[in-house]
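Structure first, commentary second.
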Amino acid sequence: MSNPGDVRPVPHRSKVCRCLFGPVDSEQLRRDCDALMAGCLQEARERWNFDFVTETPLEGNFVWERVRSLGLPKVYLSPGSRSRDDLGGDKRPSTSSALLQGPAPEDHVALSLSCTLVSERPEDSPGGPGTSQGRKRRQTSLTDFYHSKRRLVFCKRKP
């Protein structure tokens, strides 16, 4: 054990973070990352018969076909892919005017009505019937998700 009188003050250093391996060569790091990305893209290209750089299908074991995104919610559509589909990009069939108009307004109204009906039902609320939405949720326990079961242990009776 050390004595309290043996305590030496630690010299104050301005930097806590130390460069242990020398300065970073950003050009070499970029080349390494580009080489790794090119290797991953080549492996994916051979595996899936699809060129992910140009986004074109290749000949091979898989047959790729275009799926229109009319049935998908807008959350799943990236802004770039939606504009390319609408504009009819390279090697893609042009879209008709009916497809560019989007969903019919009556479909949108029916969807919003069904959503409001679901949210107004109190028995579907997380706190159960009769609880207000403003309250905090209680802490969940393991038995909320799994039913507790008694384990049967068979043993011989003592005579």
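Each residue, glycine too, has its Cβ placed from N, Cα and C.
Residues annotated as compositional bias 'Basic and acidic residues' in Swiss-Prot: 82-93. Residues annotated as ubiquitin cross-link in Swiss-Prot: SER2. If you look up Swiss-Prot, you'll see SER2 marked as N-acetylserine, on the strength of similarity to another entry. Per Swiss-Prot, phosphoserine is recorded for SER78, SER112, SER125, SER141. Marked as phosphothreonine by Swiss-Prot on the basis of similarity to another entry: THR140. The region 'Disordered' annotation in Swiss-Prot covers 78-106, 118-142. Among the features that Swiss-Prot reports, region 'Interaction with TRIM39' is placed at 147-159, with the record citing similarity to another entry. If you look up Swiss-Prot, you'll see 135-159 marked as motif 'PIP-box K+4 motif'. According to Swiss-Prot, the zinc finger annotation covers 12-40, on the basis of sequence analysis.
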(message) Given a separation of at least six residues and a C-beta threshold under 8 Å, show me what packs close to SER78 (phosphoserine) in the same chain.
(response) none
(request) Would you mind checking how many other C-beta atoms are within 10 angstroms of the C-beta on SER141 (phosphoserine)? (result) 9
